[in-house]
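Here's the structure we're looking at; comments come further down.
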2 protein chains.
Amino acid sequence: MIEEKEKRDLSNNEEGQLLKWLTEEKIDEFRENFLALHAYDQARFYMKVGPDIRRTMYHFLSPEEMAEIFEALELDDEEVQGFIKEMDPTYAANMLSYMYTDDVVDVLNELDKADRDQFLKLMDEETAEEVTELLGYEKHTAGSLMTTEYVSVQENSTVRSAMNVLRREAPDAETIYYIFVVDENHRLTGVLSLRDLIVADEDALIRDIMNNRVVYAKVTDDQEKIAQIFKDYNFLAFPVVDDNLVLQGIITVDDIIDVIDEEASDDYSKLAGISDIDDIDAGPFKAARQRLPWLVMLLFLGMLTATLMGQFESTLEKVALLAVFIPLISGTSGNSGTQALAVVVRGIATGEIDEKSKLKMIFREMGTGLITGLACGLIVVLVVFLWKHSMMIGLLVGTAIFCSIFVATLAGSFIPLLIHKLGIDPAVASGPFITTLNDITSILIYLGLATLLLGQL
Amino acid sequence: MIEEKEKRDLSNNEEGQLLKWLTEEKIDEFRENFLALHAYDQARFYMKVGPDIRRTMYHFLSPEEMAEIFEALELDDEEVQGFIKEMDPTYAANMLSYMYTDDVVDVLNELDKADRDQFLKLMDEETAEEVTELLGYEKHTAGSLMTTEYVSVQENSTVRSAMNVLRREAPDAETIYYIFVVDENHRLTGVLSLRDLIVADEDALIRDIMNNRVVYAKVTDDQEKIAQIFKDYNFLAFPVVDDNLVLQGIITVDDIIDVIDEEASDDYSKLAGISDIDDIDAGPFKAARQRLPWLVMLLFLGMLTATLMGQFESTLEKVALLAVFIPLISGTSGNSGTQALAVVVRGIATGEIDEKSKLKMIFREMGTGLITGLACGLIVVLVVFLWKHSMMIGLLVGTAIFCSIFVATLAGSFIPLLIHKLGIDPAVASGPFITTLNDITSILIYLGLATLLLGQL
C-alpha cells in the first residue's frame, strides 16, 4: 500500500527537487525528471505550484509538452481561464493546436467569446476549422464529446497498407485500437480492432475481415445514451456520424468514464438538493451559496405547509395530542416518496424506463405504495393503541400513514415521469422538493381526517 | 436516431427469424446470422428466449461460442444459477474454461459451494487452479476484479519477439493493448502500450523503450481506489501485484466502468433509503420488500420523536399555534442535514476527504451551517412577524431554525466521518436516517425554547 502510494503520487521529496530545479533555472535536470512522469502527475504538479513557477514552466516546456499536461488537467471553469491568461497568446494557441480536438473544445468553452476567437485565429487553420465545427455542437451531445483524431481506412485497402496508415497516424490519433472503415464518400461501413489487424494475413482485404455491423451514434445523440452503449458493449471507442452516415469523429472510453461519473454525481446531488457536490474544497461562503437557493426555496414551501396547518389551529387546540404525531406522519411520507423518486429518476437516467414501461412503472409503484402503506399503517395502529390506549387515535394515525405513503409513493413516481415528459431533467424533482410536497399532502390528510372525527376524539 | 436503434438492437424481424431457425432446427442459417451479432446482442437474445429455446442453443453453439455470450451477460444472482442448471455439466464446465478468469469468478460466486466445487473439478486443471486462487480474494478488492489473461514479456526481449508473443496471445488475452514487462522472477518492472510497440524499431530492446514508472495496485486494494486511478490516469488496463511486486493479473477498463456505476448507484440508493435501486423490473411485492426495512426502522425512530414531543403536550395545549411551525422546522433541518451528508459521503467515497482534510471539513461545515442558519433564521423572523404580527413567535421560530440548521449541518458532516472512522460504510448514515435524527433534535430545540418562553407567548 505504502509503496503503491509512493509510486503513484509524487513524493514531497520529488516535488521539492523539481521546484528547486525550476527556481534555479536548471532546465536539463528539470526536463529529464519531469517529462518521465505520467501526464496526470505532471498536471497535479502544474496546478499546485504558483503562477510564477508556472511561468518558468512555460519557458522550459514546449507547447507540445504543455498540451499533454493540459489534456490531463481536471478542468474547472475559473482555473482554466487563469492558466491560459498566464501564457503568451502564441504559446497558448500553439499548445491548443497540439491537443486533441475534444479537449481543445473543453478549454475554449471556458473562455469568453473574444478570447476564444483570438485563439482560433492564432491556431493553425485546419485545427481551427475542426474545432469551430465541434464548438457548434450542443453540450452533452455526442458531437460535443467526440474528437476528430481517429484512424480511418478505405474498404478496399489491404491489412498491410492499413498497418502503415496506423504507424503513421499513431503519434497523433487519440486511439489506434479501433480502425474505422469508410467508403469513397467517407461514409462509415465497418470497424476493425487492432487485434483483428494484428492476427490477420497481411494481404487480406479490409473489406473481408472488417465487422460490418457497426454500432454508432449520431452527432446529436445525448451523452447519457452514449454512456449506456459503452456500458453494454464494453467498447474502448465508438464512431459518431452525421445524418448521411458520414464519419465525423470518435468518442473514447476515458471521456465516457467522466460522463458516467458526472451523470451519477448529478443525480445524487440533486437528490440531496445541492447544486454542485464535487466542490469539496470550497470555503464556507461558497458552500453556503451553493446550498442556500434550495434551502430558502424549501423554506417558503414549508411556510405554505404552515399556512395550511393554520387552518386546523382550532382542531389542534382541542386535541393537542394530535400535534405529537405530525413529524412521524410527514417523515414517513417523505421517506417513501424519496424511495420511489430515486428509483424512477435513476431508471429514466439509465434508460431502463422508457415510453413503454412508464405505465407499468406507475402501476408497480401503486402496488408498492399499497403494500408498504398497509404494513406501516398496521404497525402504527398497534403501537399507538398499546402506547396511548386509544383505538381512535391509533386508527386515525394509522389511516393517515397508510394514505400518506400511498400518495407519496405515487407522487414520487408520477411527478418525475411527468416532468420528464415535459422535456425537463426529472432529477429536479429532487429529494427535498418532493419531501416538502409530501409533507403538505400528508398533513392535510391527517388533520383533515382528525377534524372530521373531532367529535370522537 | 431510428437507424441507429435498428443497427444497435436486434429488430423484431431478426429476432423472429432467429427463433424460427431454432425451432425448425436449421442450424446453419441460425449460426451464420447469430454469430455475426455483437456478443451483447447475442446475450440479450439468449436471456429473452425461454429455457426450451435455450436448450436448442446449447446444441447449436459450441462451449467457446457460449462463453462469449456469458461474458456479455449482465449477471443477476438467480438467473445465472438457472442458466447454468439448464446446461449439461460438462458443457457448462467447458464453457467456463473458455471464459476470462474474472468472469468465471463472477459466475461461480453466484453458485452454491457444492456446484462450484463440481465445476472446478470438471474444468481443465490450469484454469481451475487460477480460478480457485481468484475466488480466494475478498469481494470488492483488486484481486477479485482482476483477470489472469494478460500479455507479459521479459525486459531483455526485442520488439520483434514481443510482437510475436502478442500475435500468439491475442486470441486469448483480455487486452493486448498493454504489455506488462517482468523480470526473471515475474516481478513487474515496466509497461508498454501496443502503440509504443508499433512505432518502435523492431530490434529495439523492451527494456529501453518501456515505461518504468508503472502505476499498479496490490491485490488487497479496494475497488473504489482502483476506479479513482482509472479516472485520474485514463488507463485502459492496469496491473495488480502481490506484496513482492510479482505480477498477479490485470484489471481492464470495462470492469471498472461497472464498478464506477455500481459505487455511484450504491451511494445514491443509500441516500434514498433503498437496498437495491437497479431492480426496475421487480414486482410490487419485491419492491415493497426492498423498501420496508428502512421505512419500518424510520417509523420506530419517528415514534421516538413522537414520544419526546409528548413531553411538551402541555406546552402545545397552551399555544396550539406552535404546532403549525413544526413541519417547517423539522423539514428545514432535515434538508440542510442531507446536503451536508451528501457532500461528505461522496467526498469520502471518492477519496477527496482523507485523514488530513477531515478536521478542515468539519470546520468548513460549521461555517456553512452558521451562514445558512443565519440567513434562513432571519428570513423566518421577518416572514412570521409579517404574517402573525408576533415578534415573539417570529424570534422563537427563527432561533429554532438557526439552531436546527447549525446542528443538522454539523451532524450531517460529523456522523458520516465518525462512522467511517469506525470502519463502516458512511453511506449507511443515509438521507432518511439523518433526517429523522435531525427531526428529533430540531423539535427538541424548538419546543424546549418554547417551553422556556411560555410566559411570554
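Even glycines carry a Cβ here, placed using N, Cα and C.
Copied over from TrEMBL:
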type	residues	note
DOMAIN	B:146-209	domain 'CBS'
DOMAIN	B:210-268	domain 'CBS'
TRANSMEM	B:292-312	transmembrane segment
TRANSMEM	B:366-387	transmembrane segment
TRANSMEM	B:393-419	transmembrane segment
TRANSMEM	B:431-454	transmembrane segment
Q: With pairs restricted to those 6 or more apart in sequence, evaluate whether the transmembrane segment (B:292-312) and the transmembrane segment (B:393-419) have 3+ C-beta pairs under 8 Å.
A: no
Q.
For the transmembrane segment (B:366-387), give me same-chain residues lying six or more residues beyond its boundaries with a C-beta closer than 8 angstroms to one of its C-beta atoms, as numbers and ranges.
A. 325, 328, 332, 336, 340, 393-395, 397-399, 401-410
Q.
Using DSSP, what is the helix/strand/coil residue split across the domain 'CBS' (B:146-209)?
A. 21 helix, 18 strand, 25 coil
Q.
I'm checking region-level scores; what's the whole-number mean pLDDT for the domain 'CBS' (B:210-268)?
A. 88
Q: Determine how many residues of the domain 'CBS' (B:210-268) DSSP places in helix, in strand and in coil.
A: 27 helix, 16 strand, 16 coil
